[in-house]
Amino acid sequence: MLAQRIINGENISKEEALSLFVDNNIDTYDLLHEAYQVRKYYYGRKVKLNMILNAKSGICPEDCGYCGQSKLMKNKDKYLLVDSEQIKSGADFCATHDIGTYCIVMSGRGPSDKEVEHIADTVEAIKHEHPQLKICACLGLTNDEQAKKLKLAGVDRYNHNINTSENYHDEVVTTHTYQDRVDTIEIMKANNISPCSGVICGMGETDEDIIDMALALRAIDADSIPVNFLHPVKGTKFGNEDNLTPERCLRILSMFRLINPSKEIRIAGGREVNLRTLQPLAMQAANSIFVGDYLITDGQPNELDYKMLEDLGFEIDINESEINKAALKI
């Protein structure tokens, strides 16, 4: 049994993973069942909730082909870094709605030192009011000194997605390298900030690219892996892409779980438009979701997510230490 091999500690190879992913003779729901056995072993029926705040929007020199905030987009919502009270208001909402992780996101290549100070001061205030709330910062490319300030302020996690495979990266963006992204993740790890890194599927990548992404994140050892499904933005390079089906999304999530068995696999942007009515099934592979809106696209109403989890018989987990430690042999 595939799931039992993985639970026993075996890392599946690229060759086997790719074969599982592309073989039409392997039923999607059989593959999803294997993923669920692994998910259940590490997380039971628990689900982590995350919420995003778009704290700075549309001001960016990068040319990412999926992004409505890139330098190539003319009609976009632009604003500078919001004040502390607005950021803290989002934290208050999280604390009263069983949302365990609050993600503060900024557009741009990377933050200025002044912006890092602003975020750090605000995070300190949030931690004073809500010490159990996990704070994830997503500010772009950073340096070691900035990472130290964020750690000291109480930032628990830092998100910087690899977005795609190293082989496909230059088709997605040309203003920074794949290694730039990996370097930022490594800086955070060196400063004992939990690394969060994920992908965007549906940008024209190959099946092999999908598997390469999951394997790269295994090598990076990201604690949290958001899996985004492209929600095409009109006017972007990938604005006309339409190659995802709900079933393909389920296969992708299954492979990310099987390749990264103990990690937090989060269904992120684009789940509503790509998974559609199969969103509940996706929770058999994933153990985490974003609630509320995304950066520039709308999510579904919160009450639908809470109701979905209730109907599934899943339990909201706001304590990130609740992973099955026996399973991890800690």
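For all residues, glycine too, the Cβ spot is worked out from N, Cα and C.
What you see is a predicted model, and the numbers here were worked out from it, not measured in a lab.
Summarising the annotation, Swiss-Prot assigns [4Fe-4S] cluster binding site to C60, C64, C67 and lists sequence analysis as the type of evidence. The [2Fe-2S] cluster binding site annotation in Swiss-Prot covers C103, C136, C196, R266 and is backed by sequence analysis. The domain 'Radical SAM core' feature in Swiss-Prot is assigned to 42-268.
This view paints the features noted in Swiss-Prot onto the structure.
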residue	record	Cβ within 10 Å
C60	[4Fe-4S] cluster binding site	22
C64	[4Fe-4S] cluster binding site	22
C67	[4Fe-4S] cluster binding site	25
C103	[2Fe-2S] cluster binding site	24
C136	[2Fe-2S] cluster binding site	22
C196	[2Fe-2S] cluster binding site	27
R266	[2Fe-2S] cluster binding site	25
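Other residues of the same chain near the [2Fe-2S] cluster site, with their Cβ within 8 Å of the Cβ centroid of C103, C136, C196, R266, are N50, T101, C138, R157, N159, S224, P226. Cα to Cα, C103 ([2Fe-2S] cluster binding site) and C67 ([4Fe-4S] cluster binding site) are separated by 18 Å. For the recorded [4Fe-4S] cluster site, residues C60, C64, C67 set the reference point as the centre of their Cβ atoms, and the other residues of that chain within 8 Å of it by Cβ are E62, D63, Y66, G68, Q69, S70, K71, M73, S107, V173.
Residue pair C64 ([4Fe-4S] cluster binding site) / R266 ([2Fe-2S] cluster binding site) shows a Cα separation of 22 Å.
Between the CA atoms of C196 ([2Fe-2S] cluster binding site) and C60 ([4Fe-4S] cluster binding site) there is a gap of 21 Å, rounded to the nearest whole number.
Annotated pair R266 ([2Fe-2S] cluster binding site) and C67 ([4Fe-4S] cluster binding site), C-alpha to C-alpha distance, rounded: 20 Å.
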